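See structure below.
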Amino acid sequence: MWVGVISLFPEMFRSVTDFGVTGQAVKKGLLSIETWNPRDFTHDKHRTVDDRPYGGGPGMLMMVQPLRDAIHTAKAASPGKTKVIYLSPQGRKLDQKGVEELATNENLLLICGRYEGVDERIIQSEVDEEWSIGDFVMTGGEIPAMTLIDSVSRFVPGVLGDFASAEEDSFANGLLDCPHYTRPEVLDDKEVPAVLMSGNHKDIRQWRLKQSLGRTWLRRPELLENLALTDEQEQLLAEFISEHNAK
């Protein structure tokens, strides 16, 4: 996967390219990340990238010419058809379904806004989709862009050591993840559930599914409203609720 990024602070993306799973993916050639700084496309000695908004009001907007030139240069450098995304509080909220949709694209170009945003005409003429990571405002689009890159790259074949890890993550099947345990068997008088050490794969699978359903019911019940549960899932959820209410 190729990801281009338009940002006034391209150095921030070293946390993606140099570390963790995404850093390993870059080293293996599975993920390519390139950045363009609108300041490099300015024509004045001050390298100005912001301008006053028409109609007045607080704050500044990103200047049109440097931003548009950066976008055009980045698109020309892309290895193929590219989806252009603007990270914006007004965009579609990113969730697991959206992540999987975006992961079907081989090339993405992410535009990171700053100040009060960008000229609406840039969005209309250059942007394919707007995406948000939540109903809150940040100082820029860099962290949302890194969030998107991290989540989407998990679905690039070979990025995760075990691709099933992505398929079994929270939200991958519409549910929250089940609890996980490692050594020691006893920690502060709390024991690992016996079923996980039983070696019975069927029982382990059912326990994990039951805990996943129960955790979703407890913490994010609205997620269950959009799911068509199987007979097995309904039975396991009913058992979890009964056991929970009996405590």
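Easy rule for this one: first residue shown is 1, then count along the chain.
Glycine is treated like the rest: Cβ placed from N, Cα and C.
Its own atom aside, the Cβ of Gly134 (S-adenosyl-L-methionine binding site) has 11 Cβ atoms within 10 angstroms in the protein chains shown. In the three-state DSSP classification, Gly134 (S-adenosyl-L-methionine binding site) falls within coil. Look at Swiss-Prot and you will find Gly113, Ile133, Gly134, Asp135, Phe136, Val137, Met138 tagged as S-adenosyl-L-methionine binding site.
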TODO: Only counting partners 6 or more residues apart, tell me which same-chain residues put their Cβ under 8 Å from the Cβ of Val137 (S-adenosyl-L-methionine binding site).
DONE: Pro89
Open item on the list: With every protein chain in view, what's the tally of Cβ atoms within 10 Å of the Cβ of Met138 (S-adenosyl-L-methionine binding site), excluding that atom itself?
Closed with: 14
Task: Listed in sequence order, residues with CB under 8 A of Asp135 (S-adenosyl-L-methionine binding site) and six or more positions away - done: Pro89, Lys93
- [ ] Could you tally the C-beta atoms, other than its own, that fall within 10 angstroms of the C-beta of Gly113 (S-adenosyl-L-methionine binding site)?
- [x] 26
TODO: Rank the binding-site residues Ile133, Phe136 by the number of other Cβ atoms within 10 Å of each Cβ and report the first-ranked residue.
DONE: Ile133
